[in-house]
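Undergrad: Following this message is one structure expressed as structure tokens.
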């Protein structure tokens, strides 16, 4: 573990005692949130030099668990200061004191606002950047802030869009459970020990109480042991003080295979407001849980069947938030991508080609695809796994399957319909059905353009099925080294599956298991602030349907 404390960084170490743990002997998520909020607040005040209050804590990801007897270290530092607010990066490491083994336990980002005395104006000093990683985080902080600021508009737009195809989403997979029995309400009286050093209710304490009622709500659905996996955002809308009554209301909103979203609302009442029944909405959060059974196996949650209008609003809201959450993953943190491309070896071309095709088929057959968008001829799905996000786009095309196959298997034609592709050329004709292409793509997020070296393996249907396959994956070819003009990027697994509907139409399914280098092209669409996937899909349909006999001569 790093022992040195960097300038501007605050470090807290805690030995986990029984009082900090839940019934399973694991560190309570609520207790951890209290410690994280305290550490982040002190980091903010160290930079600002004046009192600071929590505005929000978001993108909280729990990577592991900690148990009684282990030691945790919380590191918090300001990544960027804006005019009156700061983003604080929080990282929690757990260490076993017997083995010395360390693991990443949790990461999160908090936003704190400086609170001057009286009417004094505040303009926070910039963060002094000393390392390349600090510069990266400083730049990403600006991107994360943009996502936060546009969150409400993005959410409202997705909700508006989803209302047009709500029946399609609900009917995609019939729900079997209702959320009626998951409603939880609890009350807390704010006492002096619950207040922070400013006299307001300690934000970490409010988050801990919220986590408690959310856990109870999740347990009522799963009948197992729920554990907190992530939190979209704790958003503090207003303060509360000693003497306030805080009412916490929690209910399950929706389920996604092995996860469940629970929404929590907090209202504060002073003595007069309590008598009048007029509270103040001071906080909201959406907590995502996994759960295990008595054999410690992950539970698959039942699909939710919304019944009332409010059920449906919450059901759709959870889908929208999940979509935004997936889309903003690439701006949460910066990690160096591990090379995944296969080394091209002509003596193993058969094996590499077959592996390419099988990987695409396996991706398509995975369970857990969640629909995010439905249009007249287009459906978009996402699949969130432990370390990967994949996208699937189904298109109904008014053209024979063999025509679509010939057009899509010739990647030199892709720049004609895909706005991300600048150029695409064959650099190695391996066989009749396997080619290696060099591809250049457009600039994204103001960076340098990206280039790819990919193996394309195409297969016509076998006798026992009617599926045409076009599979892509990156390979390393010594004759095409990386260039300083481009960022050499990778395709893990992508391609098209084409099935005939009748003699004059087909279904084209595009799949892509996204690498870090490809995710920026898709993130805005998945997250709801771009329509690039829909636009590319519509362009692809138009390209195939409008293909002329002359345009097909080279591929037929």
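Placed from the backbone N, Cα and C atoms, the Cβ positions cover glycine too.
Just so it is clear, the model here is predicted, and its values are computed rather than measured.
Feature annotation from Swiss-Prot assigns CoA binding site to 54, 55, 56, 83, 84, 85, 145, 235, 236, 237; the stated evidence is similarity to another entry. What Swiss-Prot records for 6-118 is domain 'HotDog ACOT-type 1'. Residues or ranges marked as domain 'HotDog ACOT-type 2' in Swiss-Prot: 180-295. According to Swiss-Prot, the domain 'START' annotation covers 327-536. Per Swiss-Prot, N6-succinyllysine is recorded for 34, 97, 160, 229.
Give me the structural setting of these features: burial, nearby parts and distances.
TA: Its own atom aside, the Cβ of residue 84 (CoA binding site) has 16 Cβ atoms within 10 angstroms in the protein chains shown.
Under the three-state DSSP scheme, residue 34 (N6-succinyllysine) falls in the helix class. Of all the Cβ atoms in the protein chains shown, 20 others lie within 10 Å of the Cβ of residue 34 (N6-succinyllysine).
DSSP assigns residue 97 (N6-succinyllysine) to coil, not to a helix or a strand.
Just so you know, the Cβ of residue 160 (N6-succinyllysine) picks up 10 other Cβ atoms within 10 Å once every protein chain is counted.
According to DSSP, residue 229 (N6-succinyllysine) is assigned to a strand segment. Listed in sequence order, 61, 62, 259, 288, 289, 290 are the same-chain residues six or more apart from residue 229 (N6-succinyllysine) with CB atoms under 8 A from its CB.
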Undergrad: Output, ordered by sequence, the same-chain residues six or more apart from residue 56 (CoA binding site) with a CB under 8 Å from its CB, or 'none'.
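TA: Listed in sequence order: 110, 111, 148, 233, 234, 235, 236.
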Undergrad: Considering each pair of residues in 54, 55, 56, 83, 84, 85, 145, 235, 236, 237, all listed as binding CoA, report the largest CA to CA distance in Å, no decimals.
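TA: Binding-site diameter by Cα atoms for CoA: 20 Å.
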Undergrad: Across the domain 'HotDog ACOT-type 1' (6-118), what are the DSSP residue counts per state (helix, strand, coil)?
TA: 23 helix, 57 strand, 33 coil
Undergrad: Looking only at 97, 145, the recorded positions on record, which one has the least crowded Cβ, with the fewest other Cβ atoms within 10 Å?
TA: 97
Undergrad: Whole-number Å distance between the CA of residue 97 (N6-succinyllysine) and the CA of residue 54 (CoA binding site)?
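TA: Their Cα atoms are separated by 32 Å.
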